[in-house]
Amino acid sequence: MQEQYVPQSIEPAVQKHWDAKKTFKAVEKVDKEKFYCLSMFPYPSGRLHMGHVRNYTIGDVISRYQRLNGKNVLQPIGWDAFGLPAENAAVKNNTAPAPWTYENIEYMKNQLKMLGLGYDWDRELATCKPDYYRWEQWFFTKLYEKGLVYKKTSSVNWCPNDMTVLANEQVVDNCCWRCDTPVEQKEIPQWFIKITDYAEELLNDIDNLEGWPEMVKTMQRNWIGRSEGVNISFAIEGQAEQLEVYTTRPDTFMGVTYVGIAAGHPLALQAAATNPGLAAFIEECKNTKVAEAELATMEKKGMATGLYAIHPLDGRKVPVWVANFVLMNYGTGAVMAVPGHDQRDHEFATKYGLDIKAVIKPADGEVDVSDAAYTEKGVLFASGEFDGLDFQGAFDAIANKLEALGHGKRTVNFRLRDWGVSRQRYWGAPIPMLTLADGTVVPTPEDQLPVLLPEDVVMDGIQSPIKADAEWAKTTYNGQEAFRETDTFDTFMESSWYYARYCSPDYDKGMLDPAAANHWLPVDQYIGGIEHACMHLLYARFFHKLLRDAGLVNSDEPFKRLLCQGMVLADAFYYKDEKGGNVWVSPTDVKVERDEKGRITKAIDNDGREVIHSGMTKMSKSKNNGIDPQLMVERYGADTVRLFMMFASPAEMTLEWSDSGVEGAQRFLRRLWRLTFEHVSAGAVPALDVAALTSEQKAVRRELHKTIAKVSDDVGRRQTFNTAIAAIMELMNNLAKLGSDEQDRALMQEALETVVVMLSPITPHIGFELWKMLGKGDDVDHATWPVADEAAMVETEKLVVVQINGKMRGKLTVPAEISQADVEKLAMADASVQKFTDGLTVRKVIYVPGKLLNIVAN
């Protein structure tokens, strides 16, 4: 029994014990309620950062809590191992992505173990292994056979430096999010999965996600973007083709004064063939910013095509303009423009001298659209037969007329677009499609799967090795020459179903073992960043429905409850170099002085240079303000780091790293160790006799059981882990009131056992050791979470403070149900009260039941 708390000596030993005993191995048990807890798996970048530590600690606390509550817990871990950073690192370090990735996995695995995370390592998977992506390829061919996969030429965001397609969300200020290179528009053939076929279900089922944060649900609803409107066909003067547009505001249709089309629209390209100026403008539009946030703020530009559309209801000719804010891959690539009632259209019309016509006004007034569009719904005017109609009346009447004339159709539209899964990179799962000599495209036969990605490659930093190697693509199909697809899957493919593969990671007869999948799924608790709301979390929901429709799972949704943890922030410091640039200095290399409010007033780096404090910001490589978790674990121990992470902030809020906060967490653990050591060193502990407890002892026991109730609710239901820890710390202060008689010691034993079990999900190593120290036979990992004793929480007595003229003059311990009159009698009979009322006349008595008696006398 060690007198001092030395985490560096106990933590490795406890971790070895867990490994040897396979404490966290999960086995399907039909007689025990299951709980599947999952944190988003890491990309093996080389080292864990504090964001990982926070995510995985939260998941581990929930898992351990559920295990102590008798659940059969599955908590697996694996590696989201494909992706561009491995290629960039391989080029930089003159290696191949595979060895770089596998080395990182090994290193990070040891880091995860060092944190004491209770994973079932037998289920570990890496998405870059053929036994994983084989089933992804197989599933893709099945989706192709069902008509849910297609290939088409598509305008994409192209990064010329990384030579890959970027999603709209990966374009920041018209530059690549990874390398800051200006993005171009490029037409290339791509594979798509029809997520739009599931748009309605994905939207409707959001209502069933009761355990998800409202913000994430709102983000997904907006991303899917269901709208009801009308598809309208315009005839083009002198052309056989019709121009299709979609609008949610057919009530404004009589106010159309021009039509905007995308630079890639067939009509635009046709007009440009004889118009060099237009051709040059279209070329310029190829580099238009396409991230939606930027579309709203960028300069609107356009050029007339010389073509005219015929308004289908009043026969007016309206000019057709190429506009840089109309995108070919959104909707039909054309929009009807109503500058009187749409501000973007108004700005464009004003800039280019186009007509602005008002057709909607408030029900109780007039409208002026000379300076700005009137965008509210109202009553129609200047609209012929539709004058006087309100929004819904006009919507129906105009839609009906367009349908009757064969120029329109009511339709439900979605902002969501089909999922482009092709990537022009090497380090990803090969797309399992073949092209035959005659151009026919077929899926790779099942007996040829997996299509293996060669790992022994040389990276030149320019072209994918499987694109550069003509021999790799050559294969046969039914005796014919065939060529493999050289694009690889978007890495969101792997992360869209990994949670299901954990249920049977070694199963080789299919993608999933249905019995195991249906035993564990859906995931009961998922933990990850809110930045994944509209991509990973939506794709995983989509994939789950695909798996269900393939008969592989029988649930509709993958994740019952979702917790989005906040970011980890740290102080950032910099100084200016000779050129005026910022040189960022690690906070671990800076000494600071603070004022009385804790604000930094001066900061000096290790070279004696005064540095500028730029505030608390997200830990990042760019600002050099990441705190190395390994360094912190080596210095303070994993339990201290875990305790600080869970205590310093509510789980879903940002967490500010603080050395003093970490030191405070360690002081608390030392105090707990010392208290337990002193208690155990005092010898054998008698049995607790509740009936024999004094009122002071009952008060301590009452606080103990109130704490059990609060911590159970905070951890289990509310997931406010910081308030649970605060309650345990407060309880520890109360334990100091206990003396050394037999029932004091018996009560201390009950309290320490309770505290150790309740803290063990957060600080499992010290929990393991203290449980043994307290003489408990089995591991704390197999203990039972304490249950609050309702009888102990009932207050039979109250402590009433007695004041004379607002000053405290005594305290009374009284029965809980005592009347005011009886409290007054006891107070007036109390010697210390009599001393201050002697010779005075009582004028008034104020009583706060069970708390305070204030006697006003003069």
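Note: Cβ is positioned from N, Cα and C throughout, glycine not excepted.
Sequence annotations record features per position, and here Swiss-Prot assigns motif ''HIGH' region' to 42-52. The list of residues near the motif ''HIGH' region' (42-52) in space but at least 6 beyond its ends in sequence, with Cβ under 8 angstroms from a Cβ of it, reads 79-81, 83, 85, 89, 101, 104-105, 107-108, 111-112, 115, 126, 529, 567-568, 570, 619, 626-630, 657.
Long-range contacts of the motif ''KMSKS' region' (618-622) within the same chain, counting only residues at least 6 positions beyond its ends with a Cβ under 8 Å from a Cβ of the stretch, are 49-51, 567-570, 584, 657. Annotation source Swiss-Prot lists motif ''KMSKS' region' at 618-622.
If you look up Swiss-Prot, you'll see LYS621 marked as ATP binding site. The Cβ of LYS621 (ATP binding site) has no same-chain neighbour under 8 Å that is 6 or more residues away in sequence. A coil conformation is recorded for LYS621 (ATP binding site) in the three-state DSSP classification, outside any helix or strand.
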Composition by DSSP (helix, strand, coil) of residues within the motif ''HIGH' region' (42-52): 3 helix, 0 strand, 8 coil
